[in-house]
Amino acid sequence: MKRLVCVLLVCSSAVAQLHKDPTLDHHWHLWKKTYGKQYKEKNEEAVRRLIWEKNLKFVMLHNLEHSMGMHSYDLGMNHLGDMTSEEVMSLMSSLRVPSQWQRNITYKSNPNRILPDSVDWREKGCVTEVKYQGSCGACWAFSAVGALEAQLKLKTGKLVSLSAQNLVDCSTEKYGNKGCNGGFMTTAFQYIIDNKGIDSDASYPYKAMDQKCQYDSKYRAATCSKYTELPYGREDVLKEAVANKGPVSVGVDARHPSFFLYRSGVYYEPSCTQNVNHGVLVVGYGDLNGKEYWLVKNSWGHNFGEEGYIRMARNKGNHCGIASFPSYPEI
């Protein structure tokens, strides 16, 4: 993955110098200062500048269309603004759906049960602060611990950040996971079941890199007895589970620039597919100006979207695959 980034930098450096728009110099420096961007070499900065300008143009045109009522969300030049969508996917979105996928659908739906029009588990104190996974494809681990954190809060009354690094380091080949090179939420749950626990984030902090497994049972903060999978593509069942059980781990198609540059509103990308590549956590749902949405917690830091969250279109034909592989753990 990192080799791909290096090749991009080398091949593009000369071209970058030719295409730089000097009228954007001041804004480039402001953006770098805002997000603490520093580059090791001039060639790297030249390439990043070119990518940044391309993304800036994309954001400006999209937001112009948004102002004319053509989109239900707007974009912003966040901390990922100097990256291509290919880089974001390579470094930060590495969901590995098992190739021989055999789902064990155990969720029992009750279609006659009346559900609330909106749910936000943050309001019930069941969601920890937004994390930043950095240049490590650990989205699956953050999605998994987020779902278990909510179950821990519901059972014990205590909200504890659990260790994503524990999963990155220890839930590995046996479970089909590859640390920073990707994994899947249900296999992470299975590791916690087999291991009889997971450490707290405080005792086993996140390092954004693969390490030797350092799990210590004396720092165990939560256990998992089983996990439940929901039927493929059923947004009605996903709504029921989110309302009645708690936050649900899901995968989405996040490969579009409109996703990683999302700022606010209800995200709807016509090019989105149901081929999921990024693990996130559905923590609620609702309606914004007539647009139904899923409230989704990401792991790209507070500078992404709405303080680290994105509202994704709901009841739009399983948009971006959000209801393709939902699951949640139980204690």
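Glycine is treated like the rest: Cβ placed from N, Cα and C.
Since we're looking at a predicted model, the values are computed, not measured.
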Legend entry - Disulfide-linked residue for CYS136, taking Swiss-Prot as the record, within CYS126, CYS170, CYS180: CYS180
Inset, instruction - Quick one: which of CYS170, CYS224 does Swiss-Prot link to CYS213 by a disulfide? - result: CYS170
Inset, instruction - Identify, in sequence order, the residues in the chain of CYS126 (disulfide bond) that are 6 or more apart from it along the sequence and have a CB within less than 8 Å of its CB; answer 'none' if there are none. - result: GLU149, ALA150, LYS153, LEU154, LEU159, GLY246, PRO247, VAL283
Inset, instruction - Name the secondary structure element type, per DSSP in three states, that contains CYS213 (disulfide bond). - result: coil
Legend entry - Local backbone state of CYS180 (disulfide bond), from DSSP in three classes: helix
Legend entry - Spatial neighbours, same chain, of ASN104 (N-linked glycosylation site) - Cβ under 8 Å, 6+ residues apart: GLU229
Legend entry - Those recorded positions of CYS139, CYS170, CYS213, HIS278, ASN298, CYS320 having Cα within 10 angstroms of CYS180 (disulfide bond): CYS139
